[in-house]
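*Asks:* Here it is: the structure, laid out below.
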Amino acid sequence: MLSCARTRTAAATTTCLPAKFQISRRPTTTTTFPPNPSLQTHQSDPLFVGPEDTPSPNNRHYWSEKLRSLCHSHGGVDSALRLLDRLRLLGYRPTSPDLRLVVRALCDSGRPADACRRLLLSLYSGWFPDNRDADAVLSRLIDNPCLGLRALDALVAAKPAYVPSLSNYNRLIDALCKGSLRNDALRVLSDMDARGRSPDAASYTALIDGFCCVGELTKARDLFDEMTTRDIAPNPLTYTMLIKGVLQKRDLEESKALMAKLWENMSEEKNPSINRAAFANLISALCKGGIFSEVFRIAEETPQTGSICESFAYGEMIDSLCRAGHHHGASRIVYLMRKRGLLPSFVSYNCIVHGLSKNGGCMRAYQLFEEGAQFGYSPNEPTYKALVEGLCKEPDIDKAKKLAEFMLATPDKIESTRVYNIFLNALCVLGNPRELLNVLVSMLEKGCSPDVVTLNTVVHGFCKAGWVDEAVKVLNDMLSGKFCAPDVVTFTTVMGGLLKAGSVEEAMELLNERMREARCSPTVVTYNAVLKGLCELGKINEAMEVFRAMCRERVLPDSMTYTGIIDGLFKAGQVEEAKRFWSEAVQPSGVHDDFVYSAIMRGLCASCGFDEAREFLRGLVDCWASPKIVSYNILVDCACEAGLKREAYWVVGEMRKNGLAPDAVTWRTLEKLRCVGLKSGVAEGVVDRSFVRVGSMGGGGGGGGGGGEGFGGPLSAMARRVFGLPAE
C-alpha cells in the first residue's frame, strides 16, 4: 500500500558575527494582548445547550440537516466535525451521506489530507459508506494521486465487495501517471481486472501517455499490443499518445505509419470531441518536436476532412505554431485558409501579428495587418504597441504613421490619447525629436488633448536627443497652465537632461525651488537621477549635500542611491570617504545588494589593489551576506590584471565553496592567465608545463604537429582542487 509521508523540519541557528559587522538591536519586549472575545465565544459555546433543547441522537434527519447547514456555511466544516464527534459519543451512528458531505466540505476548503484522514478514521471505526457514496468520496480525493490511492486501498480492504466505478479507476490511473507513479498505475490496472472491472481504451491511453512522457517507448508499445490482444479497440487519443512517444525518439517513419492509422481511426470514431482532442495532441506534439514540415503537409492535404471541422483544424495549427514561436509558419496557414475561403479567428490572427512584431518580422506583420483590415481585423492595444515599435525600429515611419491613423479611425478599440502615447514612445527609439514635435502638433490640431504621459514622453525624447532647452519650454508651458500640470516624472526627466548637459544650477533650482512651488515632492527615483548626474560630472560634494537633504526629507535611499554615491566617491579619488560611507551609512541600513557590492569591489580593485578587495569580500561572506558571481568575477579580473595567477585560482575555489559555479565571464577572464603563460612561461604551482599547448612556447615548433593537439597532460594538484576534479 502506497503511503505519502509528510516531514516537518525545524532549524534554529545562532550566528556570531565579527565585532566590526555587529549591529546593535533593540531589546525585545513581550506584549500581552487581551483575549479575543469572539474567539473565546467560538471555542466555548456549546453546539447544543441542554437535554431539553437537544433532539434525540436517533433523530437522523435533524442531525443530517444540521451537518449539511454547517458544511455549507463559510468556515463551518470544523464546527460540523466537532458536532459529529460529540454525537458519536452519544451513540449517534452517522449515515453514508454524512461522510460524503464532510469529505466534500473538507476538499472544497482545500484540505484533502484532512478529508482522507476522516475517511480512514471512519473506516477503522466500522462506519462504511455505501457503494455510491464511496465512489463520490473517492472521486473527490483522486486529484491527489497519493491520497486517492490510499483511499482506494482502505475502501477495498474495509469492503471487499466494493468495486470502484470505471471513471474513478481511469482518473486515478491518469493522476498516478502524471505524478510519475507509473508502477502504481499498473497495479491499479491489475486490480481492475482482479475485481472484475474491465479496463477500456481510456485506461490504456492514460498509461501509454505516462510511459511515453518519460521516454519508455517499449513499455508503451507493449501496452498498445496488450490492448489489441484483449480486443480493446484503441481510440484516436491512444494513437496520438503513442505517436508523441515515437516523435520523441525522432522515428519519423513509424510516426507516419501511425498517423495513417490515426486518420482511419478518426473516420470511424463517432465522438467528435475525441477527434478534436486527438488532432490537437498530434499537432502540438509535431510543433514541440520541431517537425513543422509535417504540419504543413497535413494542412495542405487535410486527410482529416470529414472527421473534424476544417476551421478547428487550422486554428489548432496556428495556435500550436505560435506557441512554438514559428509565427511565419502560422502566417502560412492563414494563407491556406484564405485560399480555401476560410477566415481565421481574431485571437489566432492577432497572435500571429503580435508574435511577428516582437520577433523581428514586423514587415510581414504589417502586411498581415493590411490584409486583415479588409475583413475587419483591428489589432488590440498590446499588438498595436508591438507593431508600431517594430516599425519605428526598422525604421519605417510612414507605415507606423499609417498604422496610428488606422487606430485613430477606430476609437472604440483604443482611446485616441493612448494611441498617440504609444506612437510617441515608439518614436523615442529613433532619437529624432522633430518627429516627436510633428506628432504633438498633429495631436493638438486634431483636438486631442495631451495628458501628462504624452508630455512626459515628449520631454523624455527631447532630453534623449539633447534638446534640453525645448524640454524646459514644455515644462514651463505645463507649469503656466497651457497644458496639464507636471508630475514627478516630468521634473525627474528634465533634471536628468539638464545634468547630462552640464546645467547643474538649473537642475538644482528645479529640485529645490520649482518642485516645491508646484507642490510636487521628489521621490527616491528623482534623487537617484540627480545623484547620478552630479557624480558623472565629478560634483561629489554637491552629491553628498543632496544625499543629506534627501535624508532630511525622510526619503529612504535604495540600493541604487548607495551605488551611485559609492561610484562617485571612488571616481573622485575619495577612497577613505567611500569606506566611511559604507561603514557608517550603507551597512547599518541593511539596504545593500550586488549593485552596491560590485561598486565597492570595482573601486577597491582600482584604488587599493587585490588584497583589500579580497578582505572586503571575505567580510561580506563572514557576515552572512551572499555576494553573487559578479563580485567574484571583478576580483578574478583584478588578480589577472595584476598577474596574480595563484590568487585568481584561489578566488575561483572560494567561489565554488560558496555554492557558485564559474560562468562564461569567469572563464574568459582566466583566459588572460593562459595567454600570459604562453608568452612568459607557465605559473609554477598552478598548472603543469603540460597544461600549455605543445609547440606554443617560444622556441618554435619542437614537437612537430603537436601544436594542434590541444592541451597536453594532467592538471596540477592545485588546479584539480580548484576545478573540483578528483586527484590523480
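Every residue, even glycine, has its Cβ placed from backbone N, Cα and C.
Sharing the record's features from TrEMBL:
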- 26-59: region 'Disordered' (REGION)
- 165-199: repeat 'PPR' (REPEAT)
- 200-234: repeat 'PPR' (REPEAT)
- 310-344: repeat 'PPR' (REPEAT)
- 345-379: repeat 'PPR' (REPEAT)
- 416-450: repeat 'PPR' (REPEAT)
- 451-485: repeat 'PPR' (REPEAT)
- 487-522: repeat 'PPR' (REPEAT)
- 523-557: repeat 'PPR' (REPEAT)
- 558-593: repeat 'PPR' (REPEAT)
- 628-662: repeat 'PPR' (REPEAT)
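Situate these features within the shown structure.
*Replies:* The average pLDDT computed for the repeat 'PPR' (165-199) is 92.
Sequence-distant contacts of the repeat 'PPR' (416-450) (same chain, six or more residues past either end, CB-CB distance under 8 Å): 381, 384-385, 388-389, 391-393, 395, 397, 400-401, 404, 407-408, 457-458, 460-462, 464-465, 467, 470, 483-484.
Across the repeat 'PPR' (487-522), the DSSP tally of helix, strand and coil residues reads 27 helix, 0 strand, 9 coil.
Within the same chain, residues 488, 491-492, 495-496, 498-500, 502, 504, 507-508, 511, 564-565, 567-569, 571-572, 574, 589, 591 sit at least 6 positions outside the repeat 'PPR' (523-557) and bring their C-beta atoms closer than 8 Å to a C-beta of that stretch.
Same-chain neighbours of the repeat 'PPR' (558-593): 20-21, 23, 524, 527-528, 531-532, 534-536, 538, 540, 543-544, 547, 550, 599-600, 602-603, 606-608, 625, counting only residues six or more beyond its ends whose CB sits under 8 Å from a CB of the stretch.
The residues of the repeat 'PPR' (628-662), classed with DSSP into helix (H, G, I), strand (E, B) and coil, number 26 helix, 0 strand, 9 coil.
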*Asks:* So if I exclude everything within five residues of the ends of the repeat 'PPR' (345-379), which remaining residues of that chain have a CB under 8 angstroms from its CBs? That is, six or more out.
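*Replies:* Answer is 315, 318-319, 322, 325, 327-328, 330-331, 334, 338, 386-387, 389-391, 393-394, 396, 399, 403, 406-407, 410, 413.
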*Asks:* According to DSSP, how is the repeat 'PPR' (310-344) divided among helix, strand and coil residues?
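*Replies:* Summed over the repeat 'PPR' (310-344), the classes give 27 helix, 0 strand, 8 coil.
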